[in-house]
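Heads up, the thing below is written out as structure tokens.
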Amino acid sequence: AQMDSSLYNHTSPQDVWYVLTGIPGLEDLHTWISIPICSMYIVAVVGNLFLLFLIITERSLHEPMYLFLSMLALADTLLSTATAPKMLAIFWFHSTDISFGSCVAQMFFIHFIFVTESAILLAMAFDRYVAICYPLRYTTVLTSSVIGKIGIAAMVRSFFICCPFIFLVYRLLYCGKNIIPHSYCEHMGIARLACDNINVNIIYGLTVALLSTGMDIVFIIMSYIMILCTVFQIPSWDARFKALNTCGSHICVILMFYTPAFFSFFAHRFGGKTIPRHIHILVANLYVVVPPMLNPIIYGVKTKQIQERVVLLFSSVSTCC
């Protein structure tokens, strides 16, 4: 990427086009890497939209657990769609240029969807907590209006948490660096291009991670501790297993969502020397397609009601044909 010498003076970020390099160090493998990423993206979108369609059209699935699952499916579709198309354009067509405005918009959507999805996972943990610890009050506590309010609260919280990221990158002075060694734009990737002090960006990023997502994880763990306490008071082993089995899918999804996210987050801030950059970027790329792809599969395999609906739907389609 050519850089004009006039860029080295303080420039308005809006005037500069940025270059997303893809996966630094693995440029020769971009075409090969794109094949699994494209396949996973297609499976993620088809799987999540199918899950959404199933939950919306089947009245028997209009229960709190499935309504939260539909929110998760929508968030997963948006997260992978905010990143994968541009990523594939870089890998296939070397379409590496991106304007500052587009880069900031992509950054906002990625962080916004991530924080929203974290809140949805917490809501799903609360759903399991009420279902197992207070089964008789389940339908009165989690009414459809309460579920709607939880969904809106998750988005409003996420909006207020992620809006400052926009102002934090716009306030910085930029003076020429325009190469982002990543496949998509995120907060610290943009901030590192500034020739300004980015301590506020680092502190805010850490604070958000610990206070929003970190607190979500703490509350999820607390929910599961209380669930386990209740489950182990059940005398029947069969009933214990049945109760825990309903949490299995959720635990798998939680581990898949938070583990690579926190690896990516801490690698970006503290692992610059110890973790090779291409490993960090590769994990970040897989993170936006692997969990969205696996979530509908996990819930499809582990949830009997969804399996039954899928079989019923396909058998009715085959009889029609």
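The backbone N, Cα and C atoms fix where each Cβ goes, glycine too.
Among the features that TrEMBL reports, domain 'G-protein coupled receptors family 1 profile' is placed at 47-299. Here TrEMBL flags 32-54, 66-93, 105-126, 146-170, 202-231, 243-267, 279-299 as transmembrane segment.
At the 8 Å Cβ cutoff, the transmembrane segment (66-93) and the transmembrane segment (279-299) share at least 3 close pairs (sequence separation 6 or more) and count as touching. Sequence-distant neighbours of the transmembrane segment (105-126) (same chain, 6+ residues past either end, Cβ-Cβ under 8 Å): 65, 68-69, 71-72, 75-76, 78-79, 82-83, 86, 98, 150-151, 153-155, 157-159, 161-163, 165-166, 169, 184-187, 189-190, 208, 212-213, 216, 219-220, 223-224, 250, 253-254, 257-258, 261, 288.
Sequence-distant contacts of the transmembrane segment (202-231) (same chain, at least 6 residues past either end, Cβ-Cβ under 8 Å): 114-115, 118-119, 121-122, 125-126, 128-129, 132-133, 157, 161, 164-165, 168, 187-188, 191, 240, 243-244, 247, 251, 254, 258, 261, 265, 269. If you look at the transmembrane segment (146-170), the same-chain residues 6 or more away from its ends with a CB under 8 A from one of its CBs are 13, 64, 67-68, 71, 104, 107-108, 111-113, 115-116, 119-120, 123, 187, 190-191, 200-201, 204, 208, 212. The transmembrane segment (243-267) makes contact with the transmembrane segment (279-299), as judged by at least three Cβ pairs under 8 Å among residues 6 or more apart in sequence. As a whole-number mean, the pLDDT of the domain 'G-protein coupled receptors family 1 profile' (47-299) in this prediction is 89.
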